[in-house]
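The annotation substrate binding site is assigned in TrEMBL to S10, H70, G146, F147, G148, G149, G177, G197, S198. As annotated by TrEMBL, divalent metal cation binding site applies to H35, D37, H70, D175. Look at TrEMBL and you will find D37 tagged as active site, proton acceptor. According to TrEMBL, the feature active site, proton donor maps to D175.
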Amino acid sequence: MSYSAKIGPSILSSDLSCLGSECVRMMECGADYLHLDVMDGHFVPNITFGHPMVECLRKSVGKDPFFDMHMMVSRPEQWVKPMAAAGANQYTFHLEATSNPGNLIKEIRESGMKVGVAIKPGTTVEMLAPWANQIDMALVMTVEPGFGGQKFMEDMMPKVSSLRRQFPSLDIEVDGGVGPDSIYKCAEAGANMIVSGSAVIGSDDPRSVIALLRTVVVEAIQKRSLDR
């Protein structure tokens, strides 16, 4: 069992007028990585930011923070090279957005980034499973992508459990409505990479929220290891 607990604040929930300092603050509060939501107004209705912003952030925060790019875009192929050049570490594309996942996975690898594949609530695990051995991370969305502040969808947890059973070493990320109230379900199902937006960034004490999320996931990993 080679995966570990990692907590990644979703920086879109922060004050966008001081994004660099917010990223630094999250890392100082114990974040393991930063989750950056890229939306193009096509795949999802909202628009956020692209690779120029990522490049500026990288210059601002230095080389250490791990940038997990959640690409909610309709043509993920076109942004691989620009994101790699901007300093992204992991490129997570939506399975629903491409007709050739194999080629895209290869292109991301060749660009020097890790590969993540995300699925929306309406997409089955069976669609993702054929690619799971070729990727670094599977992202199970626990809300519909494109909007913050939605209610956590507990009925997505069987997808997480199924992936954990089939691919015991895979990093499995959950994103959407995840916080202290829902973390137990996520950890129990087998998620180890936890994206949390408003629950962390909107908290008066982000450090303690991050620590709580990590503790719950670590305990679930240890329990799973003992149960094997």
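Each Cβ is built from the backbone N, Cα and C atoms, and glycine gets one as well.
Small disclaimer: the values here were computed from a predicted structure and weren't measured.
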| query | In sequence order, which same-chain residues at least six apart have a C-beta under 8 angstroms from D175 (divalent metal cation binding site)? | reply | S10, H35, H70, A118, L139, V140, M141, T142, V143, V195
| field | Neighbour count (Cβ, 10 Å) for H35 (divalent metal cation binding site) | value | 28
| note | Cα-Cα, S198 (substrate binding site) versus D37 (divalent metal cation binding site), nearest Å, comes out at 14
| task | Any same-chain residues 6+ apart from G177 (substrate binding site) with CB under 8 Å of its CB? Would you list them in sequence order, or say none? | result | T142, V143, Q150, K151, F152, M153
| message | What does the structure give for the C-alpha distance between G146 (substrate binding site) and D37 (divalent metal cation binding site)? Integer Å is fine. | response | 9
| task | Mind giving me a neighbour count for D37 (divalent metal cation binding site)? Other Cβ atoms within 10 Å of its Cβ, every protein chain shown. | result | 23
| field | Cβ-centroid neighbourhood (8 Å) of the divalent metal cation site, H35, D37, H70, D175 excluded | value | G8, S10, L12, L36, D68, T92, L139, V195
| query | Whose Cβ, among the binding-site residues S10, S198, has more other Cβ atoms within 10 Å than any of the rest? | reply | S10
| query | So which of the binding-site residues is most packed in, judged by how many other Cβ atoms lie within 10 Å of its Cβ, out of H70, G146? | reply | H70
